[in-house]
């Protein structure tokens, strides 16, 4: 395969990349415009529904705001409690395993009849005891973390109960407002996230397009240089032929 053939293959490859990148850019930009339009529509709906509320309901909304703010944190706090509990259980298991290894080493030492057996085992046992100490330290930290997360949850539950006792009627009347607000907010956040993803995809395809254009320019420059070199050699070759 000649150098010209390699260049032709490279050109075809880069042209194909350009076409693919162009198609992808158009596709992702269309999707992006659609999501932007949907976001604007949701935002208008949010403003219309959240701002256009009767004064009487606005009072209930104001009284119950603390309850729903706390309620919005509840699932995250419960998740943290579950994670801390799982980590504590893992650390307890690590401690148990480390202690079992120490016991196994002690049993092996007791069953070994060799005179220098203690010398062989003492370093290993000491190392394993250090591992037990480290595991116990990590377990203690995990236990404290779990206890702290549980306290956070208990405090939250107490605050929620207090809010219900003080503003139960207002909370009941304003619940549809806050539930609708949560739905619209979640929808807008999802749309914003999708917009960010699509913008990233568009930029990646544009970068790919630019890379292919630069590659084609380099191939073009290379071909031009080769032709220029061949042209400069041609007169000298003709002169040599005439002199002979």
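Here the Cβ of each residue, glycine as well, is placed from N, Cα and C on the backbone.
Quick look at what Swiss-Prot annotates:
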- 6-39: coiled coil (COILED)
- 81-144: coiled coil (COILED)
- 228-238: compositional bias 'Low complexity' (COMPBIAS)
- 221-244: region 'Disordered' (REGION)
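Counting residues 6+ beyond its ends, the coiled coil (6-39) has Cβ neighbours under 8 Å at 188, 191-192, 194-195, 198-199, 201-202, 205-206, 208-209, 211-213, 215-216, 219, 222-223 in the same chain. If you take every residue in the coiled coil (6-39) and average the pLDDT, you get 93.
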